[in-house]
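A quick write-up on the structure given underneath.
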């Protein structure tokens, strides 16, 4: 058994210890590592590879799975069969966090199936497992003898009291204004060893605005850039520990066959026949027209080279795509113009409108160029919040953001149905962007479901979803703390030959940052950088890069460029709606009241009898929390008020007095009399001797039955609070009508 340890020093915030161990568990896997975070957190990562390649695949078949075991938290799964089922959202998002830096680290052209399975064995509820899983997956892959350019280190850093803290606990995150997951690897830079950042997933916390108001540092673009730099030393320590383990226990790298997308001879032939016409086609502004022309050219090239490269049609197609990529990048780097004619900082045409779906509680349509997003908001009682049964710290989710990407959004056919990992990831990104500006439960006692429908896609539907969702939430009457917009940035870089004044030529590394990237620019560029935020600070950020590091000044420039675009988009959104609308008449009106905790049982009643009766009779929905908070919802005010009055009558009763008169309902008959409901939870007895109006009766049911209305007066209240009633003659003065209580079992 071999071990390696990384110590994370957070100064006054203490230290965290990450320990990697191999040789004890999963010995038949190509590479297996047990990773520990301090003493309480333990997970196993196992990497395996198929023996033969999938030659017919035109992609790298890497699969990452995260298996949450509920025994890790000492719990039995809540499902019907009491065993784990489909992966939770947290597990799926962790799979994506692992996949994004791992995939580009394998050699190009690899077609053997690679599977990484991470199993959560033990978890302290005060810790998160996702970042530990990134390191474990990298370490196990490093040991497996695979063509892998790792190791990769992953760290979560949170801005707490002005300090970037690595591997923060859940408790510490409550004091953070911003946290980010950063993954990267060690490289040799121009100025010595450095860390190349490969992936970033970041967000402002839910209480960021309150913390800023209290004097905390706002997560501006400058602060976020500082956080990325602060993560690098921690990543270096983690990579060093993984490399130490690999030096002791890694298998020799096996000779895996690779399948290049095309041969050099194919590329030269395609370039010679297609460059001129393809360059012209790539200046067409409209996506549909441009795609149609490039498809036509591709067909011509395939036909022209069919005889020369018979049986190598896939290589011709791949070479045509590579030529397209080269021409797109070349025009950006040399001319600073893009395939749709825009400059590098130009945003496509924007439009925004609200109230586009008639009966929805809130809706909006946001369009940026050919990317079109429909946002729809639904409000409901807090009890409709999502119940979460996973290893994460969240047990309920009040704000749920769901993203749908149907195939027609790109003019194609395909499968529809349950969401894929990409859709779950995009929905989670948009959700994180909006959570920091949502009103508190006290200010807005609703569960909120936000759905983003991608109706048209040509670049960054996730950031379009952020914009459409802000508009729809405001249209639904949700009092957001600030509007949020998002934009996708891109980066193109290359070594460009430049000529000096003396005529000498040299290569110069040139970076060009693009604002509002198209789908093609995303595919052909070096970076996908999505930034969402308010006019004052960043709320969410996602970065994926194919480069071995991005210079700090380039990244800072991209963040600044993104803010300029965000402010422009916010202005367009404000023209459509700049403050919350009145709530839809179809949305429930939810009111919050409080009752004493010791009265909760009385409000609910035996087997829910009282609360069910109030719900049935008033039409209101009622939800009671353990702390005595009661949410009452109804589509009209009178129904909600009637339910509130009934609840208050039980929880905060005003005791009736002798002489008061009521119109009550008979709720129970006995041999000795009839019990009449006066107020919710408050009954009185009309003795059998008082029912006959002076005449003797043999049986109570001969005079009254359950459900009958009786006008009664309180004749006496004994020391135990039991109420004796007498009938009131019809010609007497009118009694005080009280709302009838829900029938309740009375005791003699």
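Glycine is treated like the rest: Cβ placed from N, Cα and C.
Listed in Swiss-Prot for this protein:
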| type | residues | note |
| --- | --- | --- |
| BINDING | 522, 528 | Mg(2+) binding site |
| DOMAIN | 588-647 | domain 'KH' |
| DOMAIN | 659-728 | domain 'S1 motif' |
Please work out which residue of 522, 528 has the most C-beta neighbours within 10 angstroms of its C-beta, and give that one of the binding-site residues.
528
Using DSSP, break the domain 'KH' (588-647) down into helix, strand and coil residues and give each count.
32 helix, 16 strand, 12 coil
Average the per-residue pLDDT over the domain 'KH' (588-647) and send me the rounded value.
87
Per DSSP (helix/strand/coil reduction), residue 528 (Mg(2+) binding site) sits in strand
